[in-house]
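One structure is given below, encoded as structure tokens.
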Amino acid sequence: MQNSDRNLSPNKNEFLALRVAVIVLSASCLELIFRQFKCNLGEFFGLFWVNFLFLLILFYWPLYLKSKFNGDLLSSLTARLSLFFNAVLKVAFYMLFIAIIMVFVLSYLQQGVSDNLLFLPLLFIWPIYAFLELKQYLRKAILPFLISIFTLVTIQFLNIHNPSLASFDEDLPAFTEVVNLVQRGELPADKTDNQVSEIKLPCKYRYLVGCPNRKIVVKQQGKAIEIFFCQDRSRFSQGITGFVYRSDSKDISNQEMRKIKDNWFWQNIK
């Protein structure tokens with residue numbers, strides 16, 4: 001192999017890093033657009049493939065630049081495929097790691113899971129991975145590196161977290177919209193048992209429920225209805241917490257129920 005093939009000129013290095021940065025930026029924009037508008041663009045199924053593509057690019061480009069800067073032969077199809085499948089394997093191991101965490105969260109902690117879990121660990125793991133791969137070439141690859149970090153950080157701000165007592169006032173308009181949809185009969189029940197119904201929320205409201213099934217429970221109490229938005233369910237006891245809406249303004253406060261606003265209560269069963 002010729003020396004010029006092994007040691008790219010500074011101009012070629014800069015152009016190569018810029019080209020990779022453009023590809024990373026394009027994938028980042030696609031990821032952020034689908035994440036922001038996932039309820040309008042195919043909900044979670046479409047987002048899965050965008051997530052996978054973004055992860056693949058994140059794990060592939062440090063390997064690619066390292067090989068090019070080292071002057072390793074990447075012109076052959078075999079070499080390129082080897083590099084590609086190396087990245088695919090890393091993505092597969094990472095997704096397996098996340099899947100194990102999701103199973104633990106669902107089965108033992110009884111918490112709802114979302115794709116928040118896919119990218120939060122990556123915010124800490126990926127910079128270490130990229131640094132170890134690029135080491136002496138990090139300065140040359142600083143642009144795609146910074147774009148990747150910026151995207152991972154931005155994803156955390158776009159993730160909608162489940163409501164809490166502290167954020168109730170902020171989330172109240174969304175809760176009220178769901179209540180109005182239920183009262184108008186616009187949300188079909190998935191399961192009805194006597195006076196109790198389970199309703200799966202539309203995508204844009206699903207974050208209002210923190211428990212795994214992402215459903216609200218509607219109970220008919222005489223002429224009034226109660227709507228329960230589950231937030232946490234204990235694996236090791238009968239404990240359950242969440243917000244309760246009561247349509248007739250009756251005060252149903254007790255040891256396990258605390259009034260937080262007109263028609264609204266916080267239930268905490270230990």
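Even glycines carry a Cβ here, placed using N, Cα and C.
Because the structure is a prediction, the values reported are computed rather than measured.
Same-chain residues lying 6+ beyond the ends of the transmembrane segment (15-34) with a Cβ under 8 Å from its Cβ atoms: 8, 41, 46-47, 50-51, 53-54, 57-58, 61, 64-65, 68, 140-144, 147-148, 150-151, 154-155, 158. Taken from TrEMBL, the feature transmembrane segment applies to 15-34 (among others).
The transmembrane segment annotation in TrEMBL covers 41-63 (among others).
Taken from TrEMBL, the feature transmembrane segment applies to 83-109 (among others).
Annotation source TrEMBL lists transmembrane segment at 116-132 (among others). Tertiary neighbourhood of the transmembrane segment (116-132): same-chain residues 51, 55, 58-59, 62, 90, 94-95, 97-98, 101-102, 105, 138, 145, 148-149, 152-153, 155-156, 159, 161, selected by CB-CB distance under 8 Å and a gap of 6+ residues from either end.
Under the heading transmembrane segment, TrEMBL lists 138-158 (among others).
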